[in-house]
Amino acid sequence: MRYITGAVALGAALVLGTLATTAQAAAPAQPARTGGLYAPTELVLTVGQGESRATATVQRAVTLSCMPGARGSHPNPLGACTQLRAVAGDFNAITAATSDRLCTKEWNPLVVTADGVWQGKRVSYSYTFANRCEMNIDSDTVFNF
């Protein structure tokens, strides 16, 4: 009788083990996590009063995301993303723009910064303008907030 009970228990264990293995094999596999279709573009832009990034007091900060669509707390995300795409994300090209407008020669420095990721590449940029007038001329849309 002991042998029969042991054989039945062993048989039941084998059947249940086989069913559990089969059930696990039949379960659908979880899809592999893949990245998005677009390289990430997420930026934090700031404007601060001061002569350098290290000493400036941040007055305003906004977020800007350009992929897959323009969005963020920037007042004109579409315009800012369009301006950045036109220069392939080169912030120097934006801040070095020229204009026919004239500004006073006062020294009241403003520092603009951009930190984050532009089309998958890390960005850490800062530029010091002599005054607000020069900043508004040169930075057209991206730092105009």
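Here the Cβ of each residue, glycine as well, is placed from N, Cα and C on the backbone.
Per Swiss-Prot, signal peptide is recorded for 1-25.
Marked as disulfide bond by Swiss-Prot on the basis of similarity to another entry: Cys66-Cys81 (among others). For Cys81 (disulfide bond), the count of additional Cβ atoms within 10 Å of its Cβ stands at 23 [all protein chains shown]. In this structure, Cys81 (disulfide bond) is part of a helix by DSSP.
In the three-state DSSP reading, Cys103 (disulfide bond) counts as coil. Annotation source Swiss-Prot lists disulfide bond at Cys103-Cys133 (among others).
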Could you check the disulfide-bonded residues Cys66, Cys103, Cys133 and say which one's CB has the most other CB atoms within 10 Å?
Cys66
